[in-house]
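Swiss-Prot lists SER109, LEU110, LEU111, PRO112 with the feature (6S)-5,6,7,8-tetrahydrofolate binding site, giving sequence analysis as the kind of evidence.
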Amino acid sequence: MRLVFMGTPDFAVPSLQALVAAGHEFAAVITQPDRPRGRGKKLLPPPVKSTALAAGLPVRQPSDMKDREFLEDLRLLQPELIVVVAFGRILSREILDLPARGCVNLHASLLPRYRGAAPIHRAVMNGEVETGVTTMWMAPQLDAGDIILQEKLPIPPEATTGEIHDRLAEVGAGLLVHTLELIAASRAPRLPQDEALATYAPPLKPEEEVIHWEQPAQVIYNQIRGLNPWPGAYTLRSGERLKIYGARLTDPSAIGRAGRVVEVGREGFVVQAGTGRLLVTSVQPPGKKIMPASAYLQGYPMVPGEILGCV
């Protein structure tokens, strides 16, 4: 089929690569403009742009999806299907109605659960044991289109958002290829979503990065996993942010002063939560790279009884 592919971050790259390998024709790959990134704020291309150019595909980077010149260019491309994977922009009704076969989207949850911008983060932070990917026919409402296919993926109890992200990106790419095979054969289903079961995954807020030690250890553990690798959960030590990237649950029924360091050992340091304790194994101090907690303790010694956070 003749496609227009819309996507931006790493999550969309396996899907683009899989569709190229499947032999589809690309009228264009549309992605967001280059952005300044890193400490030097160097202007860098989105991962999808780099992948598309390496494959010899034509790339468009509109700054305004409602620009008349862009919309006319899109119309002249005459795509049979628009495929959207983590594009990061809302498509107007005019765009949704443009391709002959419609627009399809790959979403990183088992819809109608976790509609919205941060489905993987939210699933891990909420302690879900299962997630998945969904392909759907796009509708004007947020992630509310009819479902085509779904594939489930377990969330291991120690898994991070980064690990689940990478796995879903690969699983989703395969599901998308299968979805397009069904569409090409005019056999793709349209399964309406049950609105009564819909839940939402809004963008992360800065205050959600703060560890509140008075919460149960399991809740904090899920927060640490859910915010790894980005943006990272943090506590305060001597007024400075200390990001925590790795931890293990210990002493699930232990109680005591929340935020108190109860033990410092070879693997890291143990902190008392509202209920239960956490052995912190990986941290990132200000201006430094992520490091084992044992290495951190060599440069920043810690003693039992120290209080972390704002509790």
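Counting begins at 1 with the first residue displayed.
Glycine is no exception: its Cβ is also placed from the backbone N, Cα and C atoms.
The Cβ centroid of SER109, LEU110, LEU111, PRO112 marks the (6S)-5,6,7,8-tetrahydrofolate site; residues of that chain outside this set whose Cβ lies within 8 Å of it are HIS107, ARG113, TYR114, ARG115, PRO119, GLY132, THR134, ASP143, GLN150, GLN193, given in sequence order. Working note on the binding-site residues LEU110, LEU111: by count of other C-beta atoms within 10 Å of each C-beta, LEU111 ranks first. Highest local Cβ density among the binding-site residues SER109, PRO112 belongs to SER109, counted as other Cβ atoms within 10 Å over all protein chains shown.
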